[in-house]
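Asks: Residues or ranges marked as region 'Proline-rich domain (PRD)' in Swiss-Prot: 1-84. Residues or ranges marked as topological domain 'Cytoplasmic' by Swiss-Prot on the basis of experimental evidence: 1-288. Look at Swiss-Prot and you will find 22-25 tagged as motif 'PPXY motif 1'. Residues annotated as compositional bias 'Low complexity' in Swiss-Prot: 31-44. For 289-305, the entry in Swiss-Prot reads transmembrane segment.
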C-alpha cells in the first residue's frame, strides 16, 4: 500500500494527485473525483460548475430541473404607491366572485386618501379608500361615484354609490346609500345602506336602529333577516383615541367583532376628513357578511366622521 501511494505521488509531486487525474484543480480543492459518494461537498477554493452544466455537480450545488428557492410565488401587481396586492386564494363554495379574498382574513384596514383640492379649498371631492389586510397587502380599492352638486349640497348626508374593485380592476362590491334623514330625533327615515356582490345582486343591508342615546345598527342578509347588531358609543369623539363600534350577536350578549375609527393625529384630524378604520370579525364568518361589514364601516364614516373641524358630527354627542 505504501509503495502504491508513493507511485501515485510521484506522478504529480507538486499537486499530490493520483495517476491519470487531470491537474486542473487546485491542490486544496482535491476531495476525490466529483460526484463520488462518500466525499464531502465543495470547499472554498472549489470552483462552481459553469452555467448550463448538465452533469451531476458537487454536493451543495443545484442540479438541473430543480426549483430555485427564495423566489416570489405570486406575480403580484403593484399599486401606484408600491403597495402589493393580496394574492387571490382558492374561492370557497358558493362564494360570489371577488369575495374569496375575505375568506382568509379576520381583519381589514381601510385608509381614506387625502385629497389636496379638498384640503386647500374645502371643495368636497369623491372619497377614495384603500382596503388592506393585516399584512398591509391591498385587498380592494374603493371609490365614491357621486356628482359634484350632490357632494357639496348634501354634505355627509348625501346619497352615494361606492364601487369596490379588485386587483384586476373588476367591480366586485357595490354600496348603495339612499338619501335619508341624519337626525336621531326623526326615527321615521333612518340611515341604511345596501351591499351588492356582484353589482346588482344584494347580499345584505345595514339598517340604522333608532335609539335616543346610542348609535345602533342591524345587519341583515339578502332576505332582510336580522343577523348581527352594531352598537357605538354615546360620544362619537375621536380626540386622541380610537372610537369603537362593537359587532354583537342578535341578543347583544356576545361581542364578535368591532369597527374602529383610528386616531390619525391632531393635524390630519383637524384639517382633513381622511380617516382610517379597522374591522375585526371572526375568521369563519360568511364572506357575504364580511362584505356587509365593509359597507357598515363606510356608512359609519359618512354619518359620524365625514365632517371636518369642529362640526357637530365630528365631535358631537349622538
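Keep in mind that glycine also has a Cβ here, set from the backbone N, Cα and C atoms.
Walk me through the surroundings of each of these features.
Replies: A mean pLDDT of 48 is what the model gives for the region 'Proline-rich domain (PRD)' (1-84).
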Asks: State the residues, same chain only, that lie 6 or more residues beyond the ends of the transmembrane segment (289-305) and have a CB under 8 A from a CB inside it; answer 'none' if no residue qualifies.
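Replies: For the transmembrane segment (289-305), the sequence-distant neighbours (Cβ-Cβ under 8 Å, at least 6 residues beyond its ends) are 99, 102, 108, 110, 112, 129, 131, 142, 156-158, 160, 162, 164, 173, 175, 177, 182, 191-195, 197, 203-206, 215, 217, 219, 221, 227-228, 230, 232, 236, 238, 243, 245, 247, 257, 259, 261, 273, 275, 277, 279, 281, 313-314, 318.
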